[in-house]
């Protein structure tokens, strides 16, 4: 499968990404093919507005129940909020992927 060259985020996460407070994203199986070392163009999900480029550092599988405070800190939110957000986006999911990145 070809590695993706784009990534989208809800607009509400843009400021945290640009400030470096949000350094991971947690995605489902359909978005697990990002390649470490690649650079992706990032846009808002709502309007498709490009706002930065990110270098992918790693893509690691994780189960929903294994998410912890460290992941929440990297997402710049509390663990309870992180779990609620994930359940809103991916209801009932157990297998997830942590995509680590840095702003370029």
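Cβ coordinates come from backbone N, Cα and C, glycine included.
Quick look at what Swiss-Prot lists:
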type: DOMAIN; residues: 7-95; note: domain 'ASCH'
type: ACT_SITE; residues: 22; note: active site, proton acceptor
type: ACT_SITE; residues: 25; note: active site, nucleophile
type: ACT_SITE; residues: 75; note: active site, proton donor
Where the residue listed as 'active site, nucleophile' sits in the secondary structure, as DSSP reduces it to three classes:
strand
Note down the number of other Cβ atoms within 10 Å of the Cβ of residue 25 (active site, nucleophile), including every protein chain shown.
21
Other Cβ atoms within 10 Å is the metric here; tell me which of the active-site residues 22, 75 scores highest.
75
Please report the Cα separation of residue 22 (active site, proton acceptor) and residue 75 (active site, proton donor) in Å, rounded to an integer.
5
Under the DSSP assignment, what numbers of helix, strand and coil residues are found in the domain 'ASCH' (7-95)?
33 helix, 28 strand, 28 coil
